[in-house]
Amino acid sequence: MIGVGDMVLLEPLTEDSFIENLRNRFDHNEIYTYIGSVVISMNPYRSLPIFTPEKVEEYRNRNFYELSPHIYALADEAYRSLRDQDKDQCILITGESGAGKTEASKLVMSYVAAVCGKGQEVNKVKEQLLQSNPVLEAFGNAKTVRNDNSSRFGKYMDIEFDFKGDPVGGVISNYLLEKSRVVKQPRGERNFHIFYQLLSGASDDTLRKLKLDRDFSKYNYLSLDSANVNGLDDAANFRTVRNAMQIVGFMEDEVQSVLELVAAVLKLGNIEFKPESRSNGYDESRVKDKNDLKEMCELLGIEQSVLERAFSYRTVEAKLEKVSTTLNVSQAQSKTRHKVMGVLDIYGFEIFEDNSFEQFIINYCNEKLQQIFIELTLREEQEEYIREDIEWTNIEYFNNAVICDLIENNQNGILAMLDEECLRPGTVTDITFLDKLNTVCAEHQHFESRLSKNSKFLTDHSLPHSCFRIQHYAGKVLYRVEGFMDKNNDLLYRDLSQAMYKANHKLIKQLFPEGNPAKVNLKRPPTAGFQFKHSVGTLMRNLQTKNPNYIRCVKPNDKKAPRIFTDSLVRHQVAYLGLMENVRVRRAGYAYRQAYEPCLERYKMLCKQTWPHWKGPTREGVEVLMADLQVSTEEFAYGNSKIFIRNPRTLFSLEEKRRGCLENLAALIQKIYRGWKCRTHFLLLKRSQVVVAAWYRRYAQQKKYTQIKSATIMVQSYSRGWKARKILRELKHQKRCEEAATTIAAYWHGTQVRREYRKFFRANAGRKIYSFIMQRLMQKYFLGLKRDLPSMSPIGGSWPTRPYRFLDTAHTELRSIFHHWRCKKYRSRFTDERKAVFEEKLQASEIFKDKKALYPSSVGQPFRGDYLEISKNPKYQKLSSAMDEKVLLADMVNKINRANGKGTARIFLLTKNNFVLADQKTGQVKASVPLPDLASISVSTQNDGFFALKLKEGSAGATKGDFLLSSEHLIEIITKLRRTGATAVNHNHLDIDISDEFLVQFKQDKVCVKFVQGAPKNGNGASCKRKNNRLLEVSVPSTA
């Protein structure tokens, strides 16, 4: 271990040795040091490999002093005390700005999240607790001259656990957000991170919706000299914040509302006012450029006139009277019971060149934390001695209660006088407040001003007239009273609250509930100082109910650079944090204490009576151990459950003896282990030799047996082979004899047959040979044809090739016979309905093929007939019931008007004896014509749907004239008309006239219908236009 890990054991104990020990450990990257159970944390200003998951596992469930000092050890001790002993814990992280308090709180939370239970809900809660940090830092942290990620608010998080030690939720309390930073930042500092993150990381579409620009210089609230910070990626951080907000539980519309509010604040900073004089001599203010005001109102959903009036006027209400007064320019621009582990990350002590109300409140909070640290440390020490019946010697230390009383006393404290001045009628200013302080606090030893008795103003010219100085525990701080009154009042005019409440923006309404006209409260709101004092008091009471754990953060240098240790700066922090007093308190009575059981377990090897096992009570074992070691009775004391060692040298002596004893024990263990290892090796070799010998004997016998067996099999095989060959020779001889006899008989029978038939063979040999060859060729042809028959599809054109020329006629005839046969097979599978469809298609082909340009597109479309489903459609129920016959075709057509050539939608119905035209909307029958009255049908050759139904002269329907119609299903309509008409007129076919020019009889006049190619006026279909009284021209689009 580098240096001394626990300052209680440091020898000799001086301030120089204390600082030197911190320096030595810091130089070797040991940033954590103990003072008993208190952790001192040095900010390394760089990443170190000591926060890995392996380190988490290393410190998990380990004794606090078992490993080298680490923040994980404190977090583990607090968590195990909470989980196992049911003690609420709090971890107090203190130190000045830039000392690493926020990072320390993150490490504590990440460790607790890593070691607690698992599960979907538990992991969700852990992730929400961890992801709350980026959100809080974005809206509450900013770059200062001392820290690039300085918390500008105090944060106290209570993490709630169930009985198993799993997190179930958390409560975050914040204290004194530095609101003044929004409108003004000191030189070298930035506004809150969220403004820069939004402009750098948001998408162009998001910025356009928020009416923002990426250029920082366009916004008065953003300082330009420190807009970009080395090591901070605002764009990446914005994406992290968006993701964290979703994990924490923000809905997408809520995130958008927050961003709109941030954008509105930026727009608010660009609003400027100009003075105007009224007729009564008073000044009033007016908005100079209303563009930013307009955009702000659009973001928040507020009427521009309402917000502009709220900026320029305020209403003073007294009893039942209201008076509206104008604001001048300066006024307009200024304004279940769970286990709990608390983590306090609050702003550190601040001393700037210009310290105002915020620094005063921050330093007051740090005074209270220092006070509770001293009280809890001494009280815990004293209670432990009383609990263990150990004599206690009181230690002198600086008690900062007098400083806290100077600030918070209800009668004559600084906060009380500030509130009194704010509430006092008449003219009150910051100077009158300072005068009152000089009157009341002039004799206080920790208060100084130019008029106080402690100021020595005759020689101390560094103290300005408008300032006062307080001697804090961390040093003297000079406060400028300018702005104390306004910042303490922290008033928001009721006109602004009411204007905000009128907004349509949901989040704005929630932020300004006091603007609700139904809940107007005339009572003056509490001041900022009173609220903060009350919050600090609540926090102190909360901390006193929990078991405290301390992390004292120390900043090694002011340059925010690694590997630099400024002796004077660290010495100053050690002094005002009271770390030396803390060490002395720990060492005043007894520097080291430990429970009997772990003490006996650690040192029992130093005594033969206690080694290796002590059978009696642990306290008696420790007493036997200490007596055997001959430790002076003045150096230790026995408590009820612990042994207390006064001097660190005694502990070092015990550790030295233990180290020597451990070396001897290690040598003994090594000796026994080596002997055991050698014996084990020998026995293993002996067993191995026996096993090897047994296996070898077995192998030798197996090999000998295998050789004998192989020799026996060889002899047997030769013997069997000789016998088999002998039998084979006999069988072959017998077979040859039989074959010879058969051959001789065959030759003899052949000779007899040839002699008998020789006289017939020579006369008919050619004819017989030809007949035989032809039969074989025909058999081969038919078998090949059977094997290679084509498919049964009637449109299949394939047929096997002809193998011989003399089969040409037969080959052609067989192909024709096969084609007719498969067509018959194909037709036999048709139903009556399908036959009718094909007959209609065939008839359509006979009528229109190569005559009508529209025909090819209709070939692949089936003829449906009833396109309107007239029997099923309730819209045409009346029309369907009016039909006495079955409807063969129902379609929508356009009836062409002679007067203008425009079409009127009609329902076309075809039955067995009539065709009917009915109104599309009402279903009323307009015309019903018997099919025998139909003389002919005229169509064009073009790609159009126009056709004329010409009636016979003298028929009943001829008085109204012919019908000129257009339809998308022209081919089907005319085909069905012709088939049905032929049936109706005793098989006399209707005449179909296909021509690009034909006459149509309209009542008494005949009109020529002419079809021409050209571009249609409406859409891509054909259009009809009247040229004169005797001519209708149909323009058909070109098919090319």
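Placed from the backbone N, Cα and C atoms, the Cβ positions cover glycine too.
TrEMBL has this to say about the protein:
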- 2-659: domain 'Myosin motor' (DOMAIN)
- Gly95, Glu96, Ser97, Gly98, Ala99, Gly100, Lys101, Thr102: ATP binding site (BINDING)
- 536-558: region 'Actin-binding' (REGION)
- 852-1038: domain 'TH1' (DOMAIN)
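The local packing around Gly98 (ATP binding site), expressed as other Cβ atoms within 10 Å of its Cβ over all shown chains, amounts to 22. Surrounding the centroid of the Cβ atoms of Gly95, Glu96, Ser97, Gly98, Ala99, Gly100, Lys101, Thr102, where the record places ATP, the chain contributes additional residues within 8 Å, namely Asn43, Asn147, Gly348, Cys553, Lys555.
Under DSSP, the residues of the region 'Actin-binding' (536-558) split into helix, strand and coil as follows: 9 helix, 8 strand, 6 coil. Annotation for Glu96 (ATP binding site): same-chain Cβ neighbours under 8 Å, separated by at least 6 residues, are Arg146, Gly348, Phe349, Glu350, Ala474, Cys553, Lys555, Gln573.
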